[in-house]
Ligand code: HEM
């Protein structure tokens, strides 16, 4: 795919020296995309959209926010009450975090279903997991900033986890806190990092897209593009499809902003932080709940690993595990469309994750603990036992010859 | 579709709160009130907010602060500038010292000045310790209670109307339940006993607009006012929301038409 000849002399002059126009051409009209992508392929561009929305609203929030324990809560309320359209900016940012996770979780499950993590997309996938980790760090620190009860106590519980690590644990916790409890220095450093990480995210998303453009998109059939008829240019076909998806998505997003702005939030965070009063239930934001359930499921020592450390390790492992997924799943077939057995395990894993989320919200007592232990066990078994086993024993359905062959057949049948 | 969605969201919230309540002690379902500010088109009823303000001003403000609301904000309830000046001037703000730098005046009292419209609502107690000392527990600031309690306005209404002379069976039979003569029994309050005496009774205040002064009326009015204190932007939020949605609906429909057109001759 060569660059077009630029007719406009100014464009040509610039492009010869800095090929921005060629770059734009390569990633739009000159970028081949599988013709059969479904709407599940809209979620990557949606994630990028939310990231931009978060950065823009965040920058405006910072203009009126004060990162000090005595002033943070009131400065946020000032944004809500006295800053022009401050309530709108804050509610977009607040709900945007939830939207980001909804979109990215769908994006990830899309990848799991269609085997998008398999070669040649391993690095693309791993960068995705890095993005997920960065998002989690950013969201966690952002939640601390309004300095409500849940900000303080959520931060206390989560930072305390690091004390589970032997030898270095206490050192790490003191470093995170900048003192001996979650206090003003903690708020200051979290604020600083919360501003920094989204830009790191931008950089990693850039790599993610670079990798994508090198290996091109997977598609619902999981069969790579082989011939020109398999693809259509990204522009105009997917620019318009992504724009339409964005219209739908913004309606969903803004419904919450305008009519249920605190739907995803915890009421307790509207009480100013108070180190003397512990709230009855400390729960993380909904998007952390499955991991929180895994953390609390480990209530027993594993050999020399004490329960608390075990929980922390299990929680981190549940995410890091995704990075080695391309090497756990050895099946030659990517898409679940052609994996009659594994397809069902995919859906069981999906339900398992929802169930873990439900358990994360429940108090860690009685039968909830046992259920969380079983659900955690299943989560790990899926990746470490079922998936490798499936790659060996599953009888897959015959793959179509090519994307275009399958598309033509479908339209003839119709 | 939209109805379906709202129903789904409502069902989720309800089941979530029911499940949470079911976790421990017996708590009856929250009383349901039809607020004017509910739903897609719901807005505050300005007259009701004024009645609610009257109750706050004459009753609750004896114990509770409302520190995030300023007197100037009362213009949203339809008070004129002069009226707001008068309302503010009834309160006095303690000064750290007088003009000459003395801490106390000739009568041995703190220097004070009249509150101005730009001031936040003046708190009844100088600090938390004094408030606890006078009331047996801290009367929480009311600026955000409508948002900081699960159930929001429904909870506030239920709490205000939840006082009972007799402890109901379901509670009395619970393990570990102990009668407490010093406090008031309230079926909705976590732990049942609250240091706040019951407030809602007929003719608590005499409404300036002539509305009949029943306990139920009072409770609805004060809660509407507290919801306004917590979400003063609600009216503007919803009306802007409707315009934005309408715009998005048209835009998305056009994008869809365009998508159909562009993809018309592509088999996929
Ligand atoms: C800030 C968050 C993210 C942004 C902005 C983003 C952006 C994108 C975009 C624009 C695409 C191409 C469109 C598409 O296939 O949907 C894409 C593809 C992809 N992303 Fe992401 N992504 C994010 C997070 C993640 C995460 C967390 C993962 C996995 C753990 C991931 C894995 C993938 C994979 C495997 C593909 C290729 C999919 C395919 O071709 O089938 N991404 N991403």
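The backbone N, Cα and C atoms fix where each Cβ goes, glycine too.
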Annotated range (TrEMBL: transmembrane segment) out of A:85-112, A:281-308: A:85-112
TrEMBL annotation (transmembrane segment) - matching range among A:14-35, A:124-145: A:124-145
Number of Cβ atoms other than its own within 10 Å, given for residue A:213 (ubiquinone binding site): 14
Cβ neighbour count (within 10 Å, all chains shown) around residue A:208 (heme b b566 binding site): 22
CB within-chain contacts under 8 A for residue A:107 (heme b b566 binding site), separation at least 6: A:43, A:44, A:46, A:47, A:128
Candidate ranges A:39-65, A:157-178, A:190-211, A:311-329, A:341-360 - greatest C-beta contact count to the transmembrane segment (A:243-265) (under 8 angstroms): A:39-65
Touch test for the transmembrane segment (A:124-145) and the transmembrane segment (A:366-387), at least 3 Cβ pairs under 8 Å: no
Beyond the flanks of the transmembrane segment (A:190-211) by 6 or more, those residues with Cβ under 8 Å of it: 48, 51, 54-55, 58, 62, 67, 121, 123-124, 127-128, 130-131, 134-135, 137-138, 141-142, 144-145, 155
